[in-house]
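Below: the structure, in structure tokens.
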Ligand code: RIB
């Protein structure tokens, strides 16, 4: 059964350098490239590359990369009929620095993503019946995320929310609308108000998120692994060991892999393994969507790492 991603579409402007610049520092970098990104679009492409039917709902702007971004989604087998071209703004852009360790810094200028509104919810609502899951992130306005989650819940569609970029005060009404919440360490810390960087702190964070109303908390601890709890069932899944080149979109790949597995009827523990494998593979290559694994590479990796 197919999946919908409702969220951001960006063009990424990427610079690589020995380290991430500190305030006031001018740094000589190695390289620059431009590539399609955006947390929503990355999740959609991650799912499409695993061979699962996927539809994107979102906005690009009139000028600045819009056709390129739509063409790129279509080339990757993401349905784009519901990507609206907003004549009033430019497309979303992300300025990304990546260092020698593969760590990044990202500044997102929302552009058209910031204009997502009730009209888009209307188009989304038409598509929801019969879908397996709706994937959301926080690069579009939070009221639109809440309205989308409400519509999905009404339609009986599973809501998977990546609370990224990190936000401190997410409206409390959002939590009970979420089936699976997938914060990374930074996002989990923002949501619960204490550092989250190991299994113990992830467990405490998950307990709070479950109390707030999410049905399942999946705390992504990067190279350490993933802690998952539904309240009645909790487990830790170690990360796959890979040589990290660039972590950009590793979290998006995780969510794509997780949703793809669930749409195929796999269990939650198996879906976490799919997410972890997709995330690990994405970290081995540069760029957001360029780094997302195709099905063949993904299957071979899973078999080779049993
Ligand atoms: O998660 C990575 C993404 O974050 C990048 O592709 C960038 O566009 C920002 O949205």
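Please read every residue number as a count from 1 along the shown chain.
Cβ coordinates are placed from backbone N, Cα and C, and glycine is handled just like the others.
The active site, proton acceptor annotation in TrEMBL covers 252. There are 32 other Cβ atoms within 10 Å of the Cβ belonging to residue 252 (active site, proton acceptor).
The substrate binding site annotation in TrEMBL covers 10, 11, 12, 38, 39, 40, 41, 42, 139, 252. Taking Cβ-Cβ distances under 8 Å and a sequence gap of 6 or more within the same chain, the neighbours of residue 41 (substrate binding site) are 5, 7, 8, 9, 10, 56, 58, 69, 73, 78, 289. Mapped onto three states, the DSSP output places residue 41 (substrate binding site) in helix.
The Cβ of residue 184 (ATP binding site) has 23 other Cβ atoms within 10 Å, all protein chains considered. Per TrEMBL, the feature ATP binding site maps to 184, 220, 221, 222, 223, 224, 225, 251, 252.
Within 10 Å of the C-beta of residue 246 (K(+) binding site) there are 24 other C-beta atoms, taking all protein chains into account. Annotation comment: TrEMBL describes 246, 248, 282, 285, 287, 291 as K(+) binding site.
For 3-294, the entry in TrEMBL reads domain 'Carbohydrate kinase PfkB'.
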Proximal but sequence-remote residues of the same chain as residue 248 (K(+) binding site) (Cβ under 8 Å, at least 6 apart): 12, 14, 37, 96, 98, 104, 106, 286, 287, 288, 291
Distance in Å spanning the most remote Cα pair of 184, 220, 221, 222, 223, 224, 225, 251, 252, given for ATP: 17
Shortest C-alpha distance to residue 139 (substrate binding site) - which of the recorded positions 221, 252, 282: 252
Candidate with the highest Cβ count within 10 Å, taken from the binding-site residues 223, 282: 282
Sequence-ordered recorded positions from 10, 39, 221, 248, 252 with Cβ under 6 Å of an atom of ligand 1: 10, 39, 248, 252
Cα proximity to residue 282 (K(+) binding site), best match among recorded positions 184, 221, 223, 252: 252
